[in-house]
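Take a look at the structure set out below.
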Amino acid sequence: MYTSFHRIDLPRTIVVGGGVLDKAGGYVAGVAQRGSYVLVVSGPTVSSKYFERLRASLEAEGLTVGLKIIRDATVETAEEVAREALESRIEVVAGLGGGKSIDVAKYASKRAGSVFVSIPTVASHDGITSPFSSLKGFDKPISRPAKAPEAIIIDVDVIAEAPRRYNIAGFGDLIGKYTAVLDWRLAHKLRLEYYGEYAASLALLSAKHVSQYAEEIALGTREGYRVLLEALVSSGVSMCIAGSTRPASGSEHLFAHALHIVARNKPLHGEAVGVGTIMMAYLHGKNWRRIRGLLKTVGAPTNAKELGVEDDEVVEALTIAARIRPERYTILGEKGLTREAAEALARKTGVI
Ligand code: ZN
C-alpha cells in the first residue's frame, strides 16, 4: 500500500478585475452559507476608503456584516478576532487591506474554523493569496500555517489607487521566486528534502511572468497590475500545493527577514526580497545582473541606499540570515556567511 499522502487546500474562487469590489457580495455568497455573518477585518485608513462599498455589496446578497478595525498584526490581535468570531458565530472572516489585515484575518479564520476571504487593496507581497500568516509575537519573523483563502477578490482599480511603491514591492517579492526555487532544489539534493516539481514550476512561472511584463508594470497600467496580481495569486497557490512556503521563500527571504530585524529604517518586505535576490542569484552562479536590470526597469530598489538602510546593516543581515530559520536549507549553508564574505558579496553585486 502506498501510505504517503499530501493534502492540498486551494482557493475556490479567484476574481481579478476592474470594479469587482462592488460585486464582492456575490462572490462571498458563493463560498458561504445563506445569510452568513461576515466579519471584515481592516485597518483604519483602508476601511474608511472601501468598507462602505464592500458592506453594501455584501448586504445586497443578504449577508450580515460586521467590521473589526485593527491597528497591528500581532498574535494577540488575531486571537482577539478569533474569539469574537467564535462568540458571535461568524461564518466568514474577510481581510480587507494590505499585509496586516489579511494576515490577521487568515490566522483568526484558522483559529475560529471560519471561512477566510482575501480582499487585498495593495499588491505588495504574495501573503495576500498564500495559506500562511506572518504575525508579530511568533517566536521568529517567519510565517506560520494559517488558512487558504476560500475566495480571493482583487479589484484592479483599487490596487491602482495604492501607493506605487507598495505595488512595485510586489514585483520584488515575485522576482525572489527565481532563487527560492534554486534553494529548494539544492535542499532536495543535499538534504533529501521533499521537492515538488509542480509547485516549483508554478512559483517560477510567476517570476517569469512578471519579468516578461516588467515594462508594463513599470508604467503602472491596469494591464501591468493585472499581470502582477495574477502572478501573486499563482505564487500563493504554489504554496497551497507545496503545503509550505518553500517554493516562494528561500535565501532571499532569509536576508529580507534578517534585514527587517537589524535595520533601523525598515524597507518594505518585497523591496528587501528583490535586493536579496540579486545577491543570492550571484551565490547560485546565476545571472544576477539580469535580476538587477529587471528591478531597475520597474523602479524598485537595487542597493542599500535605495532601500534606505546602512551598508553595515546589509552586511549584518547577510551574516545572520542563515540562522533565522536553520531548518530551511539554502545556498547560505548552515552557518551562513562570514562577515568578510558577506561584505565581498554585497560589494561585488553593487548593493553596498
Ligand atoms: Zn515574500
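Placement of Cβ uses the backbone N, Cα and C atoms for every residue, glycine included.
Model, not experiment: these values are computed from the prediction.
Marked as NAD(+) binding site by TrEMBL: G99, K100, S101, I102, D103, T121, V122, A123, S124, S130. The 10 Å shell around the Cβ of D103 (NAD(+) binding site) contains 29 further Cβ atoms across the protein chains shown.
Feature annotation from TrEMBL assigns substrate binding site to D126, D173, H257. A simple way to gauge crowding: the CB of D173 (substrate binding site) has 33 other CB atoms within 10 angstroms, across all the protein chains here. DSSP assigns D173 (substrate binding site) to a helix.
Long-range Cβ proximity for D126 (substrate binding site), meaning a same-chain Cβ under 8 A and a gap of 6 or more residues, is found for G170, D173, L174, S206, L232, S235, G236, M239, A248. Residues or ranges marked as glycerol binding site by TrEMBL: D126, D173, H253, H269.
Residues or ranges marked as Zn(2+) binding site by TrEMBL: D173, H253, H269. DSSP assigns H253 (glycerol binding site) to a helix. Taking the Cβ of H253 (glycerol binding site) as centre and 10 Å as the limit, one finds 29 other Cβ atoms among all the protein chains shown.
In sequence order, G97, G98, I128, I159, A162, P163, Y166, N167, G170 make up the list of same-chain residues 6 or more apart from V122 (NAD(+) binding site) whose Cβ falls under 8 Å from its Cβ. Site extent for glycerol: among the recorded binding residues D126, D173, H253, H269, the largest C-alpha separation is 12 Å. For S101 (NAD(+) binding site), the nearest of the binding-site residues H253, H257, H269 in terms of C-alpha separation is H269.
Listed in sequence order, the binding-site residues among G99, S101, S124, H257 whose CB lies under 6 angstroms from an atom of ligand 1 come out as none at all.
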